[in-house]
């Protein structure tokens, strides 16, 4: 499907302040209902200025040619090379596949995306998006339930309650809206959406189709696997979707149990504990490792337990496995048999109203045809890839024209990581080899308050330092020293910087506090750009803002190296 954007032509006066209107050869063009990406928007604004007479020059004719090419790239899904139906076929239309498709069109590649379920994948339909809607509700409920917090600000709330169906509808409506936005953006750019389950049947050939229909085949110069993941359910756990369920069912919020056990205390488990306690449930964590939140920096984990676990109606069992979980039936509650994680001896029996299985996610790669067609052996379902996301075969060699991103390769199971990997692959396909620095990709847990992180934890950094022979220093700053946090009466929190004092390299940043998920990006961008602490100390932050937490953090670091790059002289404006 090429040139699928419908353009209406007229000759009204052009407003230069309206970036959605532009002139081509003197004709006013209005692309109706089209959402442009950042690069496309910049290109179109350039065309607006040139054809509206802004900055006329002897080079206007060549500018017209350039803008015609730009318009073609925006409104056309490229043109494929000889012998292929497409330049790129993407299997999976989640956040990773969607990001890759948009970038591919920007690069002029004729692109198709195969989806057997719904556009948006796990993140939009059963993950990040609907969970944030529930967490938005839980944040407000926690605030309303904190009488001391409100009193200190002179507020009194006599009654507060919630409508369960209204909360569930909020989450469902948000997912539907974002799914529609993603679908429309693909269609607007001319990406062909092929409905069905995709399977690789040749080096550069994919078939797709639905059950009960005849499969169709397409060829592509390059194929990108972006099939995502599904909830992982350990052996011995019986999921009925009603009283024993995964995050997929929990997000529907069909009921709010009085007492719920959450198996696993990672991101998913912790966020759902925030939701359920806000809605009145008692929560019991079941964690196989010796401490809660094992993936977090230990210091942040301890503080999170003090703020997010201890004051709430939450208890926990650590160092235990849920050997068997039986759903509620015949008047009996959900039964959970606990055994010692090390000795495997029986420990306890829990009887609760419901159990949420939050034990991580497994790659959704079965049936892709990798083993039989391209000699690729998955590792626990994960597709092996190199640093450029190119698939590796059983002999350790890159498979030509085949790439894999996101949860399916297991490098970093985050939606935005999948999108970044997809963009990186497109750059490589187009001749500019790009290697993504995964240590610069931030992560966040949207509890109240939030937790965010980027780079290494302190134990990881010290292990690396011992191997490579350098020192590690740690700097910290508290939200209690931040004016904006105190104005919100949200002084609980900590920001932690792990760095090298000899050269100012940022090894890791961890934040627990108000809007931590937003604050982390200054640190992640610094790592991505290679910015050193001695340089970022000169950055100016508005006062009073939460961003000053990071400002104080970087200024607290003791770096022995001087400024790593020149600082421009100030310019009077």
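Even glycines carry a Cβ here, placed using N, Cα and C.
Annotations in TrEMBL come from automatic prediction, not curation.
As the structure is a computational prediction, the values presented were derived from the model and not from experiment.
Database features (TrEMBL):
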| type | residues | note |
| --- | --- | --- |
| DOMAIN | 86-422 | domain 'FAD/NAD(P)-binding' |
| DISULFID | 123-128 | disulfide bond |
| BINDING | 132, 198, 227, 228, 229, 407, 413, 414, 415, 416 | FAD binding site |
| BINDING | 264, 265, 266, 267, 268, 269, 270, 271, 287, 360 | NAD(+) binding site |
| DOMAIN | 441-552 | domain 'Pyridine nucleotide-disulphide oxidoreductase dimerisation' |
| ACT_SITE | 543 | active site, proton acceptor |
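Across the range of the domain 'Pyridine nucleotide-disulphide oxidoreductase dimerisation' (441-552), the DSSP-based residue counts are 42 helix, 29 strand, 41 coil. Within the set of recorded positions 123, 128, 264, 268, 543, the entry lying nearest in space to residue 227 (FAD binding site) is 123 (CA atoms). Each of 262, 272, 293, 358 belongs to the same chain as 264, 265, 266, 267, 268, 269, 270, 271, 287, 360, is absent from that list, and has a C-beta within 8 angstroms of the C-beta centroid marking the NAD(+) site. Here the binding-site residues are 264, 266, and the one whose Cβ sees the fewest other Cβ atoms within 10 Å is 266.
Counting only same-chain residues at least 6 apart in sequence, those with a Cβ under 8 Å from the Cβ of residue 543 (active site, proton acceptor) are 483. Residue 128 (disulfide bond) has a Cβ environment of 21 other Cβ atoms inside 10 Å. Residue 229 (FAD binding site) counts 23 other C-beta atoms within 10 Å of its own C-beta, drawing on all protein chains shown.
Listed binding-site residues near residue 128 (disulfide bond): none (candidates 229, 264, 266, 270, 287; Cα-Cα distance within 10 Å). Annotation for residue 415 (FAD binding site): same-chain Cβ neighbours under 8 Å, separated by at least 6 residues, are 94, 95, 96, 122, 123, 127, 128, 406.
Counting only same-chain residues at least 6 apart in sequence, those with a Cβ under 8 Å from the Cβ of residue 270 (NAD(+) binding site) are 293, 304, 308, 445, 447, 451. A gap of 22 Å separates the Cα atoms of residue 229 (FAD binding site) and residue 287 (NAD(+) binding site). Residue pairs drawn from 132, 198, 227, 228, 229, 407, 413, 414, 415, 416, the listed FAD binders, are separated by up to 30 Å at the Cα level. The distance from the Cα of residue 264 (NAD(+) binding site) to the Cα of residue 132 (FAD binding site) comes to 19 Å. Residues 264, 265, 266, 267, 268, 269, 270, 271, 287, 360, recorded as binding NAD(+), reach a greatest CA to CA spacing of 15 Å.
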